[in-house]
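K.L.:
Here's the feature list from Swiss-Prot:
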| type | residues | note |
| --- | --- | --- |
| DOMAIN | 318-466 | domain 'PI-PLC X-box' |
| BINDING | K464, K466, S628, R655 | substrate binding site |
| REGION | 466-489 | region 'Disordered' |
| COMPBIAS | 466-481 | compositional bias 'Basic residues' |
| REGION | 505-594 | region 'Disordered' |
| DOMAIN | 599-715 | domain 'PI-PLC Y-box' |
| DOMAIN | 715-843 | domain 'C2' |
| REGION | 1080-1112 | region 'Disordered' |
| REGION | 1296-1318 | region 'Disordered' |
Amino acid sequence: MMSAGGTYISTASVEVPQALQDGEKFIRWDDDSGTGTPVTMRVDAKGFFLYWVDQNNELDILDIATIRDVRTGQYAKRPKDNKLRQIVTLGPQDTLEEKTVTVCHGSDFVNMTFVNFCCTRRDIAQLWTDGLIKLAYSLAQLNGSAIMFLQKAHTKLCLQVDKSGRIPVKNIIKLFAQNKEDRKRVEKALDVTGLPSGKVDSISVSKFQFEDFYNLYKYLTQRSEVERLFDSIVGNSKRKCMSIAQLVEFLNKTQRDPRLNEILYPYANPARAKELIQQYEPNKFNAQKGQLSLDGFLRYLMGDDNPIMAPSKLDLCDDMDQPMSHYFINSSHNTYLTGHQLTGKSSVEIYRQCLLAGCRCVELDFWNGRTEEPVIVHGYTFVPEIFAKDVLEAIAESAFKTSEYPVILSFENHCNPRQQAKIANYCREIFGDMLLDKPLDSHPLEPNMDLPPPAMLRRKIIIKNKKKHHHHHHHHHHKKPAQVGTPAANNKLTTANSVDAKAAQQVGLSASHEDGGVTRSTANGDVATGTGTGSAAGTAGHAPPLQQIRQSSKDSTGSSDSDSSSEDESLPNTTPNLPSGNEPPPEKAQKETEAGAEISALVNYVQPIHFSSFENAEKKNRCYEMSSFDEKQATTLLKERPIEFVNYNKHQLSRVYPAGTRFDSSNFMPQLFWNAGCQLVALNFQTLDLAMQLNLGIFEYNARSGYLLKPEFMRRSDRRLDPFAESTVDGIIAGTVSITVLSGQFLTDKRANTFVEVDMYGLPADTVRKKFRTKTVRDNGMNPLYDEEPFVFKKVVLPELASIRIAAYEEGGKLIGHRVLPVIGLCPGYRHVNLRSEVGQPIALASLFLCVVVKDYVPDDLSNFAEALANPIKYQSELEKRDIQLSVLTDEAEALGSADEDLSKSFVFVQVGGQKKELRPVESLATSPKHRPSISAAAAMSVDVTVDRTDGGRGEDSISIVAPSIQHQHSLDQSVSTSIRQVESSQFDVDLVLAEPLEKILDHKSVKEKRLEMEKKLESLRKKHDKEKIKIAGQKSSPLEGKKPKFAITNKLVKRLSNKSLNCLSPHSEPGVEIPACPLDLGDSSEESAAADAGEDLAGGSSSLDGRTQESRLRSACREYTSQYRELQEKYHEAIYSAAEKVLKTSQTGQTKQLKASLDKVTGEVMHQLQEARRNEVKNLATVHRDRDELIRMKREVASSVVERGVAERVRLKQTFDRRTDELQKQHDSVRNALAEHRSKARQILDKEAESRSCVSSNGFLVLFHGPHHHGCTGSGSSALSGNNLTLNLDAGAAGSHSAISPAKSHNSIAAAAEMKT
């Protein structure tokens, strides 16, 4: 029996009680047949099978490994039929329940089969109950060697005898093969090993000992790879036997873990080698001489002394006296569900199954029951309800059968105060001493105080529910609405997938009755109708109306944990009183109600609050407060604040649950959040996808306690761990793992093509997926030889958090079996790995033969340099880098999970232009890899998707996806299907919005206005300086007053240069870039002035002096002009591009809103179409079906079908919206980058032009240069245009005219004019 305070889990060798071997008389019964059958029930000597024989000698056999639970007494099944109860009642003593043994078995957590047996006495029933469940949860049996599983197969053959007590040969053939060719192989092997091989032959049990079966196994598998290994060890020995010295060397160099301490784990010595030879060598002569033959060597490799995992890892190996926040805790999400989030079923049984599997945190979603009995139901869906009391009783009965460590009940409470009080009373009555209703004296609820350790909370149930804080009502009730503790005000994280929630809400409303009543599934599947009135507390609305789909547990980030735990936070979330007859707003309807005093009194160490910030949590340091995040919010925190997230989880609990879009109850990869130290990573246990397989594999260790101690760097406050670390962390010894897949044995009884994949999960730097895969061995599931090169995981940064998953697949992608093995505890050397099913049960004889090498990581010379060259990710921004790192755990999670199933189910025919092109997965057309929700509902319907593609004017391709449709055998199919096809046509698709190009942005009115304003200012400045220069040129500089000026312009340049002939680009600037405006600046430098002065040779002394004086004044005016011109240019350069950026931002924001408006519009049209289809169908049904019950049933089907189809359409439109949003965002980014590049180039051009322009005089001319080669330019007394240079005549001739320069720019052209009249 289970000892007090103990569990049925054990790592000890199996000992089957003699009473179970001898057998006992029972009456087997089931309610379906209504009959009771006397049987004799037994267990074989090795504890593999439970079997019973009836009076006709008919045998039934049950694999004990598939047994999930065994019950007697209060929780055993009881016959419903009175007559059957009388038949099965034996003996006058004890009640029927106390004499009943109910055996529960199944291949997953949902589909359970119950077998019931009644005996004569209570003690007999108790003995069998305890004995069977202890065998079922024996870790020694679960992790047995390859030899043990051979013994199990042999035992089954020996039990399945015919009426004459002999073993039919056909049973042996059937065990190994189904295919005709493989059956011939088995028949030949039987013949060669001296056994009967005919199909109708049989074998005496006494002549079919285990040795005979083992010889048959050897012949079928050949094991040539083991023979090669053996030869490499013994060399050219004539006897082909391994000596003691050779065995010692093999044990120490190949089979020993080099990471182990030599004192605690000493090397093998000759004495140890002799023990192994004595144990495994079948030839006594060899054993006496200390020699090991090939047969003995194979037996050792398959034996108990050569496990793949260190036996200590299976036992309770972790320190259980650390604070609870230092452990990963096996957690379940939406525990009550057994399938789909919208249309699945609820179950009391699955609570038992999750707890028995080691789950230590389950979720209960309470709602008001119609009969004043609180119920558990998935709010606002078609999922039927179950009574809360039944669930609490199931938890009390199963919580500590397989683990004695504390269980957390995560309440999501929507009940009114009266029913909340009833729940609290049930908890006290049903749980009794197991309920932790007050904190421990050693760990008070105070800041800076750690949580108690699991060891102190053995066999305790902890309630997680909102905590009532009375002082909030007195201090904050006068605050403005914006200050009230709503998610928008208090929480920086928003509830994910509001679009999907709104979608589901509208679908639900569309399925409601015309008169305002709302349909709701009840426990027995009927649909109840109600007005749905009442406040948020639910005082009138007893059960949740079908208004909207609850997206997920809103523990903190949504609305459920709106109570804060201190005065510095805000009010509990309450709903204002509503006018009579009005329903609360949908977004309020799903919120949790305020915690009642009775249930609040039960809450202590797990108090959910809104998450505000890591800084706030660190400042308060209340370890008893915890927050919950959906997977998207947690991923955001992980990417943006990884180190802070890890530090937060050192002291406080955090719960991460699947996003609300996972209607099919799929899971995210839990490794993603284990990397951040999140303790309660909650998964949908009903879905055995890749994520759940990994979860089950990891929590199998530490005695399946449900608690795994986190690595030291995730616990110590004085240590820092970055989950995105790529290099070795100081203080952590990195590891290297190498795995060679050599062969497989009996992977499948089909003649299949098989391959093996080896993946590693851990930190992003350690995670390797879909990289290592063996070749495909064709037509051989019996003994495939892979003999691959080693799969090397060169550097494992954090081995304590890393695990290996080895999986065998059929060529089509169907999972054969897998195994999850933590790197810490992995045994090196040549090892057999027995494969498991998705739920973690052993698969008959299926095993892989591996060569494993584990060692500490030693970097190669210059490895860091080589890594930097080969890994450009290091030079990206941190967020981009983390996105890429996380992709190995997020992008492919759902795709890989579906690969474990038959891939043919995930593929559909794709038609392009009316022709069948190829077979392609649905997701590849439905969504982008980055946002790929796993929606099986969408795949369960007939969906036509039209994809518009602009392709050089070649028109559009219509892509039709044909998936399995929901099977409804009434006219709804036709009407709604027609409606769906209309809804899904292109006219109801989300509009395609294209980003405005840069040219349109720069051509916008506000940008043009700025450009025109600049041109006017520059023109005004030019005119001002023209006047100044004319004034200077007209002043008398010579003592010869009264004479005509001697300066006369000899050439007049009035040619205006258009933008095409002369723009502001320098000779070295890039073509095609125009800046808004740039004047012809007249640069000046001392060198240029000196060169000009040296080069001038003006005729006459007085006139020469006058010319120089006048030129210096002109040059001074030119400098002032150039300076002011440049200032204006700088000012408007910024103004023009700021205006362009504003236009761009406004345009892009408007386009995003336009896309969202398009989604809302088309969604409304979709809902309208569905509602119209439903109304029409209901009218049609009323005319066709006269039977009232049939009519009600058909209406239910209509409502259910519309909801499912509506959700699928919502999902499709949302996916299209997300895809087009992503595309639009990329276009926006491209335009923003183009504008920035345009701005930068314009700046470069301005700077180059400023440097290259100059104003010098040469041979009587003032030359305005635009290029850097002006020193070689000469004038000849005439106007010239050479390249970008303007030459103006300034010669002081007899005409005596004054000179002036007039550079100007108007409307993107440069005009230079100089004119003076005498």
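The backbone N, Cα and C atoms fix where each Cβ goes, and this holds for glycine too.
What does the local environment look like for each feature on the list?
P.N.:
For the domain 'PI-PLC X-box' (318-466), the model gives a mean pLDDT of 92.
In the three-state DSSP classification, R655 (substrate binding site) falls within a strand. Cβ-based neighbour count (10 Å, all protein chains) for R655 (substrate binding site) stands at 29.
The DSSP breakdown of the domain 'C2' (715-843) into helical (H, G, I), extended (E, B) and coil residues amounts to 3 helix, 60 strand, 66 coil.
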K.L.:
Using DSSP, tally how many residues of the domain 'PI-PLC X-box' (318-466) sit in helix, strand and coil.
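P.N.:
Helix/strand/coil tally for the domain 'PI-PLC X-box' (318-466): 44 helix, 31 strand, 74 coil.
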K.L.:
Once near-sequence residues are set aside, which residues in the chain of K464 (substrate binding site), 6 or more away, have Cβ atoms under 8 Å from its Cβ?
P.N.:
I408, L409, S410, F411, V603, V606, Q607, P608, M626
K.L.:
Rounding to the nearest whole angstrom, report the longest C-alpha distance spanning K464, K466, S628, R655, listed for substrate.
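P.N.:
With K464, K466, S628, R655 as the binding residues for substrate, the largest Cα distance is 15 Å.
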K.L.:
Measure the Cβ-based neighbour count of K466 (substrate binding site), defined as the other Cβ atoms within 10 Å of its Cβ.
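P.N.:
So the Cβ neighbour count for K466 (substrate binding site) comes to 27.
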K.L.:
Can you count the other CB atoms that lie within 10 A of the CB of S628 (substrate binding site)?
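P.N.:
Result for S628 (substrate binding site): 29 neighbouring Cβ atoms inside 10 Å.
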